[in-house]
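Q: One structure is given below, represented as structure tokens, and several questions about it will come after.
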Amino acid sequence: MAKRPGPPGSREMGLLTFRDIAIEFSLAEWQCLDHAQQNLYRDVMLENYRNLVSLGIAVSKPDLITCLEQNKEPQNIKRNEMVAKHPVTCSHFTQDLQSEQGIKDSLQKVILRRYGKCGQEDLQVKKCCKSVGECEVHKGGYNYVNQCLSATQNKTFQTHKCVKVFGKFSNSNRHKTRHTGKKHFKCKNDGKSFCMLSRLNQHQIIHTREKSYKCEECGKSFNCSSTLTRHKRIHTGEKPYRCEECGKAFSWSASLTKHKRIHTGEKPYTCEERGKVFSRSTLTNYKRIHTGEKPYTCEECGKAFSRSSTLTNHKRIHTGERPYKCEECGKAFSLSSTLKKHKIVHTGEKLYTCEECGKAFTFSSTLNTHKRIHTGEKPYTCEECGKAFSLPSTFTYHKRTHTGEKPYKCEECGKAFNCSSTLKKHKIIHTGEKLYKCKECGKAFTFSSTLNTHKRIHTGEKPYKCEECDQTFKWHSSLANHKNMHTGEKPYKYE
């Protein structure tokens, strides 16, 4: 039988036979495989043989193939000479495998055997190089097998650990970058980095392509119809991707993939700085803690961020976009987390209770703020006058007394205020609206605080006490006037 021409650049390439692409086991090793793996082995071997026959290479049918075709347990499988000792595989997580696992991993190897001599004459035939990339002849031989077995070259087998097999040597190197987390290809437009050039090229279309797909709900435009479809799930709340382990549903497949690691405990990416382990995207973000890198910059105000998601959220300050809408009351929010907190308002649920006084709160942050009443803690200090405050909002309002800033303006009369709540109260003066009514006498008031003060007429409550003589008063102003009796102060002068 004539020899088949070898790939370009080869020297005295030998015949490609079934043994060159076969995987052989001993009987004991075969019995270590489960039923599904044995079936997989049968399918791959039969398909490899059929491909050789179609190329006119295999003449006689090996006993192994006859046995497999009859669905019998191969009695003659052996492992005296294991062909393809150096396949192109990802070995990032293959360390410390048990012997049984090692046997099973043999199923996951694409077979590569030496088909001739290397350029160096002192090397023996059938002695393999350490890797495919070391020897151009082997590399060529591998590509030749790659062409002959086009139907089977892309088969990928996985165990619980990552031992992925590739049809091309270059694909192996590209895959390894997923484990290292290294992203060598950077977009000049927005600074986003990618581990593969093809991903960068795909991403750059975002900057050049016209955004012709518009969301009818919020008006946002997209380059691809698929991106619009995914975006719509924000409004519809659709979650088509469900975890089989716990039943939790997700809007995006990527979110489901990340979630699954909670159950498996998989954290394949390690921080070289501290040795902590993460998922790939989390590792990239975590590394920026050490480097201080902030590659995502807002074109509107120049503020920089370490995460693209934080930049996306920030941009809504400028656009006013509020894509997260409450189905209960119609109120919209810029962040999904804010909507989640808001929903508790409707349920009335108060999970956080103060151990000091028993008062319950909807949010943990509100409870923490409340606790400062008992502890007296005032962590916010004014650099201008030294006055301290327990709340950041109160501190912000106070600073405006020094700057004179009054950002909240009444459209009706032009009067400006330093607090939004003060403006809100002021507006009621123009409407004449009196929403707060006394159940006791029917009298109505503009402000709730005024109603509370009025109620003391009916209840007789006197919350203001003089420290000097223990006399009590209904109103703060009455206590202030009373104190003048003790001090002898006469603030009002007759002219």
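Every residue, even glycine, has its Cβ placed from backbone N, Cα and C.
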Q: Write down the single range among 53-75, 122-144, 352-374 that appears in Swiss-Prot as zinc finger.
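A: Residues 352-374 are the ones Swiss-Prot records as zinc finger.
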Q: Grab the pLDDT values for the zinc finger (324-346) and give me their mean, rounded.
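A: Its mean pLDDT is 86.
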Q: Between the zinc finger (352-374) and the zinc finger (408-430), are there three or more CB pairs that fall under 8 A, provided the residues in each pair are separated by 6 or more in sequence?
A: no
Q: With pairs closer than 6 in sequence left out, are the zinc finger (296-318) and the zinc finger (185-207) joined by 3 or more CB pairs under 8 Å?
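A: The answer is yes, given that the two segments have at least 3 Cβ pairs within the 8 Å cut-off.
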Q: What is the three-state DSSP composition of the zinc finger (324-346), stated as helix, strand and coil residue counts?
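A: Taking the zinc finger (324-346) as a whole: 11 helix, 4 strand, 8 coil.
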Q: Under 8 Å, at least three CB pairs between the zinc finger (241-263) and the zinc finger (324-346) (pairs 6 or more apart)?
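A: The zinc finger (324-346) and the zinc finger (241-263): touching, no.
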Q: Sort out the residues at least 6 away from either end of the zinc finger (436-458), same chain, that have Cβ-Cβ distances under 8 Å to it, and list them.
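A: For the zinc finger (436-458), the sequence-distant neighbours (Cβ-Cβ under 8 Å, at least 6 residues beyond its ends) are 425, 428-429, 474-475.
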